[in-house]
């Protein structure tokens, strides 16, 4: 493992709206292609200028407006007055032996987010974050250790992809991000509009052109939003974090189930499948002697029987989190038994390959650990100043 760090201020405790920050400018990545065209026309430019800017951003992937050599200085000044390009600062990069790379980025207001690059047999896949913190309250998850501070803007979500891609552009080996999973910190459907804007931007044929079938959005189960998403006409993949096959167990480990129990959740999932004719993937974290009993596997098979032809189950090895030490990873034997019960019932399932086990592997863990160190450093510095008086 290699780790590169840069100095930065600790994450601020006081919330401040981005638009109220002195000198704040939104990222131009937050505009759709049509919105960029409209903005250019409103500022006295021809439509083709917006097309040129779009190409500079997503095909040449420049990091400043000054690099756009066929754009007039006057128009560049207007762009600089209204936007920034990439709003993220790189704080930490952790590289795993298996090629997984975990990034810690700092937002304009000093808050921290994680992004993960995974090398798969089918190409480079990036897992993006959609919120600072999370309010869903899953009892096994590192992401929820810090409650939601704010939603990310569409530009901040797009910027994660752009910075990861820039790394490979700079290497000059021709590799490109081909797959995106919206499974990082936060609940994507709790930041619905910005996530939808992000999806349409990265899927745009004139931009990054990441195919819809190569994009997956994961939700903890906001049933009304699943139905709404079904009607958007966005042909991306949907994954649902299930993690338990009955209401009692699911409510005990996922607070969201108290608002949207399995009956409501599966009603929404069935609507999604009927409307889109797309397969749904279920994520199931294997927690030792909690949700990994053979009877749990049978319950899961029964629960998904009605939609078996258009559903798939990922069994996920648990990455332990120190703050949730009452949970541990299921043994290989228990996972194998669970898997066998599902297969005997004709369930399409797989035990998901692990990535980055030698770094802060759990989602949100790098961010949480960094914030702890920042706080400890701030306290130590404050204590030192006090003693020096």
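Heads up, the Cβ atoms here are built off N, Cα and C, so glycines get one too.
Some features that Swiss-Prot has for this protein:
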ACT_SITE  114  active site, proton acceptor
DOMAIN    120-358  domain 'Radical SAM core'
BINDING   134, 138, 141  [4Fe-4S] cluster binding site
BINDING   186, 187, 218, 241, 242, 243, 319  S-adenosyl-L-methionine binding site
ACT_SITE  363  active site, S-methylcysteine intermediate
REGION    370-389  region 'Disordered'
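Positions of Swiss-Prot features highlighted on the structure.
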| residue | record | contacts (Cβ under 8 Å, 6+ apart) |
| --- | --- | --- |
| 186 | S-adenosyl-L-methionine binding site | 129, 130, 131, 132, 133, 134, 143, 148, 151, 152 |
| 187 | S-adenosyl-L-methionine binding site | 130, 131, 134, 135, 136, 219, 220, 222 |
| 218 | S-adenosyl-L-methionine binding site | 181, 182, 183, 188, 238, 239, 240, 241, 283 |
| 242 | S-adenosyl-L-methionine binding site | 221, 250, 282, 283, 284, 300 |
| 243 | S-adenosyl-L-methionine binding site | 138, 140, 250, 253, 254, 283, 284, 285, 287, 291 |
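Sorted by the number of other CB atoms within 10 A, the binding-site residues 134, 138, 141 start with 138, the lowest. Residues 186, 187, 218, 241, 242, 243, 319, recorded as contacting S-adenosyl-L-methionine, have a largest CA-CA distance of 19 Å. Across the fold, the C-alpha of residue 319 (S-adenosyl-L-methionine binding site) and the C-alpha of residue 141 ([4Fe-4S] cluster binding site) stand 9 Å from each other. In the predicted model, the domain 'Radical SAM core' (120-358) shows an average pLDDT of 94. A sphere of 10 angstroms centred on the C-beta of residue 319 (S-adenosyl-L-methionine binding site) encloses 19 other C-beta atoms.
It is 241, among the recorded positions 114, 241, whose Cβ has the fewest other Cβ atoms within 10 Å in the structure shown. For the pair residue 114 (active site, proton acceptor) and residue 141 ([4Fe-4S] cluster binding site), the Cα-Cα distance reads 14 Å.
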